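Following: one structure in C-alpha cells, then a few remarks.
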Amino acid sequence: MAEIRQRQAPGEKEQVKVPLPSDPKGKRLDKKEIDKKVEQIQTLNVVRLILSLAGLGAVAWFGYKTLYPILSTPSIISDGENLATKISSTSTHKFGKKNQQPLISSEIPSPVGGIKLEADIEKRQAVKDAFIWSWNAYEKYAWGSDEFSPLSQSGSNLTSAGGIGYTIVDSLDALLVLDLIPEYERARDWCKNELSFEKDAVFNTFETTIRILGGLLSAHYLTSVHTNPSIQKDAPIFLDLAVDLGERLLGAFSSPSGLPWSGINLVTRDGIPDRDNQGVASLAEAASLQLELKYLSHLTGDYVYWKKAERVSEIIRGEAVHDGIAPIFISPMNGQFVASEIRLGSRGDSYYEYLLKQWLQTDREEPVYRDMYDEAMGGIKKHLIGQTKKSGLIFTQELHPARHPRDQTQTWQVVPKQDHLVCFLGGSFLLGITEGGKRSIDWNDLDEAQQEDFVVGKGVIESCMKTHETATGLAPEIAMFVQWSDEQRAADEDWYIKPNLNGVLIDGRNILRPETVESLFLAYRSTGDEQYREWGWEVFQAFEKWCKVPSGGYAGIEDVQTVPPKQLDRMETFWLAETLKYLYLLFDDSDHIPLDKHIFNTEAHILPVFKPEYISPFATS
C-alpha cells in the first residue's frame, strides 16, 4: 500500500511541469540477442531465467557519478552518465550474469481461471493463530480505538474528535476470510452501533478511502456472497456506511482542477490542502481512490463517485507524462505536476498499482488503463531499474531533480534507493502477464514484452527477499543498492542500510509491512512455484520470533540488524488488514478468493471483478 506518512519533501516546490531530458547516447536492448535467447528458452526449457535475463541485452552502466539525463530509448538501465565530464559507457553488464542463480525453475503453465493449488493447512493455521493473537490483544486493550500500542497495552485515535474505526473496519474482510465468525460479529456490531463519521476534524482523504471506504465495501461484498444466510443479511449495514462516507469524501474533489485535496473534514465536507507540502497532493494520494469510488458507483448507480475518480486519471494522462512515469507531487490548483522526485516508493507506488487493477476490476473493458499501465511499466524498465555488480540483483531506483554541474540546466540524479513499499511491484508485473488468470500463459512462450516483465518482476521479488538477509531475517524500511561506480564496494556487496542520523534510525526499521508477502502471494498464485511459499514462511517465522509481544499483539522493530531488536510500541492496522491476510492466502488453496474474480485494493481489501454498466469515452480512448 502507499504510505503517505513518510518523510516530507524538502524545500519549496516550483509549480512547473517536469519535462524529462533525453540522452541520444542511451543504449537500446539488442533485439537480435533477445530473439536468440528466447529461442534457446523455447528449445532447451532449462535455466530459463538466466537465458531470459541474458536476452534483455546489454545494459548501459556509466562512470563515476550519478547525474544523468533520462535515457529516451528503450533499455533497462542502472547508473547514470556523469554529466560533469560526459564520460560515456565504461563498462557493460548483461542481465543473467554467470554467477547469478535462476530465480525460479518450476513455473506451472497458467490456464484460464488460474492454477489450481492446494492449501498448506499447517502453515495456514499458524498464520491464523498469529492473527487471533493480534486481534484478541486489540479487543482486550484498545477496542474501538483507531490504533493499538501493544507494549503500553493502550489504544489511540487519529484525531481529538474521536476515531473512525481504523483497526476494526480495516480488519472486517480479514475476519471473514479467516473464518473468525464470532470476532467478525463483534466487529459488525461495533460498526452498526458505534461507528460514526460525524467527526469535526481533518482526516487524510487517501487513507480514509483505502482503509475505511475500502474496508466497508469489501465487507459488504464478502457478506453478500457468504454461504451463511445470517451473515448475508449484514451486507446492507456496510453499504449504508460506505455511502455515508463516500458522500462526505466528495468534498475533497472541490479543487479548481478536480484533483482531490489531501485532507477532508468529514463534518463540513470541505477539502483541506496539505499545508506541510505547500498544498500539493502526492501522486499516490490522488490516483489511488479509483477502485473504491468506482465500485461504490457500481453498487449504488450513482456515478458521481466514478466520474470524480476518473477525472483524476484523465488529468494525469493529459499531462503527457514521459514514458508513463511521473513526479510524486501534483498541484490540485492547476492539475500540473510539480518538480519533485520520480519514484515507486512512498507517494508514488499505488498510482502504478491501480492502473492495472482498474483495468482488471471492470473485466478488461476499459482499455485506457491497460495502455497507461503498459506505458508506465515500459518507463519503469527503461528508467528506474538497476542491477548490482556482485550478484546481478535487479532493483528499483529513484530519480531526483538536479542541476547540471556545468550549465545548471535541469537533469536527474539516480538514487539507488528502494523502499520496502516498492516490493509490491514484482507481483504486479506477474499479475499483468496472467491478467489474474483471465488468459492462458505458457511461461516458455512469452512475447518480448512479457519476457521483460517476467524477468523484472521475478528479479524485484528476489531483491526484496535478499533484503531479508539481516540479523533478524526481516527487511529494512529502506535499502540502498550499490552502484557500479562505487567500484570497490560494488564487488563486495549488493545493498546496505544507511547508518542512523543523530541517533534516529529510520531506514533500518521494520514496521510489519505487507508488500513483500503481497508479491509472494501473487507470484505463487501466478506460477505455482513453491519457492514463494518457502520465502513467505521464512518471513512469517521472523515476524514470530522478533515481533510477537508476550502480552498480546505484534510490534515493529527499531533495527533489523540488532539482535535482540528493540520493539516499537505500535501494531500498524495493515498488519491485520494486509500482511497476515496475504500470508494466510499464500498458504490457502487457490479457489479461495481466486484472482480472476477479485482484485485487492492497496490496503488488501477484496473487491469483485464486475461488468461495468457505465463506460466513458475516456475509458476507451
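Keep in mind that glycine also has a Cβ here, set from the backbone N, Cα and C atoms.
Because TrEMBL annotations are produced automatically, they should be read as predictions rather than curated entries.
The following features are taken from TrEMBL:
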type: ACT_SITE; residues: E207; note: active site, proton donor
type: ACT_SITE; residues: D349; note: active site
type: ACT_SITE; residues: E477; note: active site, proton donor
type: ACT_SITE; residues: E515; note: active site
type: BINDING; residues: T602; note: Ca(2+) binding site
type: COMPBIAS; residues: 1-16; note: compositional bias 'Basic and acidic residues'
type: DISULFID; residues: C423-C464; note: disulfide bond
type: REGION; residues: 1-31; note: region 'Disordered'
type: TRANSMEM; residues: 46-64; note: transmembrane segment
For E477 (active site, proton donor): intrachain residues, at least 6 apart, with Cβ closer than 8 Å: D419, H420, I506, D507, G508, R509, N510, I511, R513
Alpha-carbon spacing, C423 (disulfide bond) to E515 (active site), which is rounded to whole Å: 5
Pairwise CA distance, C464 (disulfide bond) versus E515 (active site), rounded so that it is a whole Å: 9
Euclidean distance between Cα atoms of D349 (active site) and E515 (active site), Å: 11
Rounded Cα-Cα span from T602 (Ca(2+) binding site) to D349 (active site), Å: 9
Residue with minimal Cβ packing [other Cβ atoms within 10 Å] among the active-site residues E207, D349, E515: E207
